[in-house]
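S.K.: Pasting the feature list from Swiss-Prot:
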TOPO_DOM  1-8  topological domain 'Cytoplasmic'
TRANSMEM  9-29  transmembrane segment
TOPO_DOM  30-372  topological domain 'Periplasmic'
REGION    64-139  region 'Disordered'
COMPBIAS  72-139  compositional bias 'Basic and acidic residues'
REGION    166-217  region 'Disordered'
COMPBIAS  167-176  compositional bias 'Basic and acidic residues'
COMPBIAS  184-217  compositional bias 'Basic and acidic residues'
REGION    256-281  region 'Disordered'
C-alpha cells in the first residue's frame, strides 16, 4: 500500500516538473514572437498590437525554484518520507489559450516551413530538371558534333579511299598498258625476227636451191658431157677394138695355132683349140671374139718346155667393159695352171664384147692353156 503511494507521489512530482518545463518553454517562446509598436512622433496614435512581456528576472526565479524543487525531490528520494498525495494544480485558462496560440503559431510556422521546403524542393527539382535538360542538350550537341565529326571523317576517309582506289586503278591501267605495249613490242620484235629469219631462210634456201640447181645443172651437163665423152670413148674403143679385131682376124689365129695347124681365120676354119673356145664356126663374130680373149690372155702366158703334153683349163668372169672380175682353175697340173693363173691375173682386162648378145654368150669363157 505504501509502495503504491510512493509511486503515485513520484508520478505527480514528475508531472509537475514536466508542466513547469512546458510553462517555462512557452514563456520563452512567447517572448520570441511578441511585437512592439513604434509610435510615430510620440503622438500615441495608431493601432495597438497586444504583446506578452516576459520578465527575465521572474523567469530566472522560476527556473531557480524549479531547480530547488528538483533538488528537494532528489533529497526526498534519498531519505524516504511518507508520501503525501498532492492535488495537481488546476490549469490556468490563459496559459491554455496561450499554449494553444503557440501551438497554432508553431503549426502555421511548420506549414510555412513545409511549404517553403516544398518550394525549395520544387525549385531544386526544376533546377535539376533544367540541369538535366541542359546536360541532355549538351550531350546531344556533343553527340551530334561527334556524329558530324565522324561523318566528316568517314566522308574524308571514303574520299581518300576512293582517290586511292582510283589512283590504284589508273596505275593498274597504266601498268597493264605498259605491259601490253611491252608485250606488243616483244611480239612485234619476235615477229620481225621470225620474218627476218624466214626471209633469210628463204633467201638461203633460194640461194641453196639456185646453187643446187646450178650444181645439178652443172653436174647434169658434166654427166652428159662425161657420158657423151664416155660414150664417144667407148665408141672409139669399140671401133679400135673392132679394128684390132678386124686386124687380128685378118692376120691372126684362134687357139694359139695357125691356119695350117688347125687355126680358124675370118674366111672359115674347121678346128680350134680349147673346150669352150677351141671349136666353132669360123664365120661367126662370136667365135672371133673368143679368139681375141684367148690371144689377149695368152700373150702373158709364160711357156715352159716342161708343160709339153699338159693342158690347164681356167674359167674367167668378164664385165661388160671387158674387165676380168674373177677366175678359177677347172683342171690341169699345178705347174702349168700356176703359169696360166698368173697370166690371167696380169691381164686384168680384155677388149669389150661388140654387142650384148656376144657378151651374154662369152661373159664366162673357159680357156685352155698349153704349149702347142
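Placed from the backbone N, Cα and C atoms, the Cβ positions cover glycine too.
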S.K.: Between 0 and 100, where does the mean pLDDT of the topological domain 'Cytoplasmic' (1-8) sit?
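M.R.: The predicted confidence over the topological domain 'Cytoplasmic' (1-8), as a mean pLDDT, is 55.
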S.K.: Under DSSP, the region 'Disordered' (166-217) has how many residues in helix, strand and coil?
M.R.: 52 helix, 0 strand, 0 coil
